[in-house]
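Colleague: Pulled these features from TrEMBL for this protein:
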DOMAIN    191-278  domain 'DUF6534'
REGION    285-304  region 'Disordered'
TRANSMEM  37-61  transmembrane segment
TRANSMEM  73-98  transmembrane segment
TRANSMEM  110-131  transmembrane segment
TRANSMEM  143-164  transmembrane segment
TRANSMEM  184-207  transmembrane segment
TRANSMEM  219-246  transmembrane segment
TRANSMEM  252-273  transmembrane segment
Amino acid sequence: MDKVLRRVSLYLGGNIKPMLDGSEQHRPPIVQIAGPFYVGILLNWFLYGILVVQVYIYWTVFGKTDRFLSKSLVLFLFIADTFQSILLANDGFLLFATNFMNPAALNETHLIWLSVPMLTGVVSCVVEIFFAYRIYLLSDKSLFAPALIVISSLVQGVAAIMAGSKNLQYRLYSLLQSKARVEIMTWHIGSTVCDVLIAVFMSYYLWKADTGIRRTHQIIVRLITLTIETGIATATIGIVDLVLFLAAPGKVYFVVPAFVAAKLYANTVVVIFNNRASIVLTDHNRESTSNHTRRPNPSRTTGDVHFVNPEASVYSHHDRVAIQKSIVVWDDTNSKVGNDLELSTRMKSSTDLTST
């Protein structure tokens, strides 16, 4: 039997190892190579689906009120990440369909030079500069913190583009360790440092804005938590990617976090914009007016879902009233006058009007 398996293995190019009785064989190297690409592409498209939902919510609620620059930022991130997902899908088809049973093709970078280092570098740079601008406004237009963030962002962005150019030049994963090592290390270290700086300075200036009022304090804590969580997510991806790149030479495990980094940055921005929206249910059987949105009976679960701009602050029901004011958000509406950043408090109360 063993001789038969050996002959089959030789016929198929030596990629199938015969299994001896009672012995444990390692998985074929092709699994270690193809597996990370498969998982990375799946995760990229999963996060792209989340981004599509977030962009839909943003455009539904704030598409007519937000400033042109804010809408342009969301549109740019959506187009860039859509382009990246299409490129990765194309590479996946080349790897698993066109070059099926051709292990040598798994060492070729194809269009990865564009879809991962270059696009991720540009997207992360744009997002980090966006946060630098927000910190600039929060800090009463102090230049120290924003300057540090912008410099580190530009360094990692340029390093990512240089890594992409090296990738394009050599086109083999096996050569990245030796030919693009410095560029990839600079890219990930710079990105991680920048994300940590954003989380630290954003949390610091938000904490300084705390008025001590209970509701305001709770909202500040909530926003600080959101900032730290998103910063940790993007920084962790960069660290994991760098560790896998350095600790596993000759393997491509590092492509998994690299494939999802751009999606995390884009989702972070759109989620922050959408933090201004509220989700309410409306009943088909109840009337709605321009100033009031009818809420359904809590015992009912049917109805349409609407995403509501917080400026429409009052939602009414015949036996219940909910009063809502704006949350601590980035106010980018065209109607705003003054600073681009408005810190406001959110109060949501519910008063039963049923007779006792």
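Backbone N, Cα and C define each Cβ position, glycine as well.
Any TrEMBL annotation is an automated prediction that lacks curation.
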Colleague: Which one of these stretches, 110-131, 143-164, 219-246, has the most C-beta pairs shorter than 8 Å to the transmembrane segment (73-98)?
Modeller: 110-131
Colleague: Across the domain 'DUF6534' (191-278), what are the DSSP residue counts per state (helix, strand, coil)?
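Modeller: Residue counts in helix, strand and coil order: 72 helix, 1 strand, 15 coil.
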Colleague: Can we call the transmembrane segment (184-207) and the transmembrane segment (110-131) in contact, meaning three or more C-beta pairs below 8 angstroms at a sequence separation of 6+?
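Modeller: Contact confirmed: at least 3 Cβ pairs fall under 8 Å.
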Colleague: Does the transmembrane segment (252-273) come close to the transmembrane segment (219-246), meaning at least 3 CB pairs under 8 Å for residues 6 or more apart?
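Modeller: Yes, these stretches are in contact.
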Colleague: Near the transmembrane segment (143-164), which residues from the same chain, at least 6 beyond its ends, have a CB less than 8 A from one of its CBs?
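Modeller: Cβ under 8 Å, 6 or more out: 113-114, 116-118, 120-122, 124-125, 128-129, 131-133, 135-136, 180, 183-184, 186-191, 193-194, 197-198, 201, 205.
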Colleague: With Cβ-Cβ distances below 8 Å as the criterion, list the same-chain residues six or more beyond the ends of the transmembrane segment (37-61) that contact it, or say none.
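Modeller: Those are 74, 77-78, 81-82, 84-85, 88-89, 91-92, 95-96, 106, 252, 255-256, 258-260, 263-264, 266-267, 270-271, 273-274, 276-277, 307-309, in sequence order.
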